[in-house]
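Below is one structure, written out as structure tokens; comments come after it.
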Amino acid sequence: GDSAARRGSRSAYWLKRPRNDTGNKVTVVLGAQWGDEGKGKVVDLLATQSDLVCRCQGGNNAGHTVVVEGTEYDFHLLPSGIINPKSICVIGNGVVIHLPGLFEEAEKNEKKGLKGWEKRLIVSDRAHLVFDFHQVVDGIQETQRQATEGKIIGTTKKGIGPTYTSKASRIGLRVCDLLGDFKEFSTKFKNLVAQYQSMYSSLTVDTDTQLKKLKEYGERLRPMVRDGVYYMYEALHGPPKKILVEGANAALLDIDFGTYPFVTSSNCTVGGACTGLGIPPLNIGEVYGVSKAYTTRVGIGAFPTEQLNATGELLQTRGHEVGVTTGRKRRCGWLDLVILRYAHMINGFTAIALTKLDILDVLDEIKVGVAYKINGKRIPHFPANMELLHKVEVEYETFPGWKSDTSAARKWNDLPQKAQNYIRFVENHIGVPIKWVGVGKSRECMIQMF
């Protein structure tokens, strides 16, 4: 039968299409440092007005904590917009999904009061699956790195890297495989296991038990699965909608632009939103970068402004800098504007959220890294080479501390003059307006500037 839509388009095919009909724009929230910047809070703030909240890359290696009415929710794979009963959440094709992890996370949050998530979650049929053996392999690889190089990457051991490896090697399995002919899926799964066992002799997998579980998970997942490309296209070109993309990880953990090899295995810069959801660059609207008022890093790798002293310890304890996903203590240091400018070059931030300003309240003086020097000479860019990055000397700008409590501030004028000066300096140096300043944990602690 000839659908009305096709008839309609055929009758008017000679009319030139208006070029401004680009559809809805999506807002992207991205980490601008090494992760843990408080993206969850910004997303949460925006998700309350969003119709659609999407994840486009990473897996349950992300960790977002969101506090709503005194309850702390922890999200790893679910978009944190799932708390908003009016939002639909999308897990895009670029995300890697550990099904046991997904359902376990949902159940944990259900106990805390999350309701109706299964009706509001959409999963792309093109997303790759993380299997338990990927997680085991992740651990084995870290042990091998320790043995051969004496250093690890510091992965979360959630199987993310090995799954993206399977994907790039064209041996991975996707949601659409699991929901297709199960006999076919079982054969492919056994082949995948055999391939990994030939590489890792210590790997044991109970394939029958795994397949039985996967079949059950597949049936639970089935009602949520859609063709992600069509779904996003309809969302962009249907009635006006507020669409939010929640980045996981951060610019300096990006597989291409981060401090390689101490990075994650996906693109956590703005391009990942297009490839990880199947949406054109034309539909990207606001791009918000999230940065702390200082810098932290988990795991190992270069960190030019790191303070291995009382200041670093103060930031760590005052800021409760412990990883949500791993429970590891985070390394702390001064704000580094070299990395923020670099993140802006890649992402084109339209505005920035500066979080955890209140952690600096007790300091006598506050430093900000403004340039890197090698042999006393400023270098004009952020070095790709890690040996070089380890050698840089940071040039700092020093500010007097404001020495007063900012946690009760709710608008710009509530902030002390010296804190305002600090914020304005950061803004001018990066060349991007600061739209929010965070001074505490809950939703109301985000001061909106414009």
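Heads up, the Cβ atoms here are built off N, Cα and C, so glycines get one too.
Some features that TrEMBL has for this protein:
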BINDING   35-41, 63-65, R330, 356-358, 438-440  GTP binding site
BINDING   D36, G63  Mg(2+) binding site
BINDING   D36, E37, G38, K39, N61, A62, G63, H64, T156, R170, N249, T264, R328  IMP binding site
ACT_SITE  D36  active site, proton acceptor
ACT_SITE  H64  active site, proton donor
ACT_SITE  K167  active site
BINDING   V324, T325, T326, G327, R328, K329, R330  substrate binding site
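Shown on the structure are the features that TrEMBL records.
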residue : record                    : CB count, 10 Å
G35     : GTP binding site          : 28
G38     : GTP binding site          : 22
K41     : GTP binding site          : 27
N61     : IMP binding site          : 27
G63     : Mg(2+) binding site       : 19
H64     : active site, proton donor : 22
N249    : IMP binding site          : 28
R330    : substrate binding site    : 21
L357    : GTP binding site          : 24
V439    : GTP binding site          : 25
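Proximity note: of the listed binding-site residues (N61, N249, G327, K329), N249 have a CA within 10 Å of the CA of G35 (GTP binding site), given in sequence order. Each of the binding-site residues T65, G327, K329 was scored by how many other Cβ atoms lie within 10 Å of its Cβ, and the smallest score goes to G327. Closest by Cα distance to L357 (GTP binding site), from the binding-site residues D36, T156, R328, R330, is D36. Packing around T156 (IMP binding site) is summarised by its Cβ count: 22 other Cβ atoms lie within 10 angstroms of its Cβ, all protein chains included.
Neighbours of G63 (Mg(2+) binding site) among the recorded positions K167, N249, R328, R330, defined as a Cα within 10 Å of its Cα, are N249.
In this structure the alpha carbons, written CA, of N249 (IMP binding site) and K41 (GTP binding site) are 14 Å apart.
Checking each of the recorded positions (K167, G327, K329) against N61 (IMP binding site), the C-alpha distance stays within 10 Å for none of them. Residues within less than 8 Å, Cβ to Cβ, of K167 (active site) and separated from it by at least 6 positions along the same chain comprise V96, H128. If you take the Cα of G38 (GTP binding site) and the Cα of R328 (IMP binding site), they are about 17 angstrom apart, rounded to a whole number. In this structure, the C-alpha atom of K329 (substrate binding site) lies 21 angstrom from that of V439 (GTP binding site). Of the candidate recorded positions, D36, H64, T156, R328, R330, the one lying closest to V439 (GTP binding site) when CA atoms are compared is D36. Nearest Cα neighbour of the residue listed as 'active site, proton donor' among the listed binding-site residues (K41, T156, G327, R328, R330): K41.
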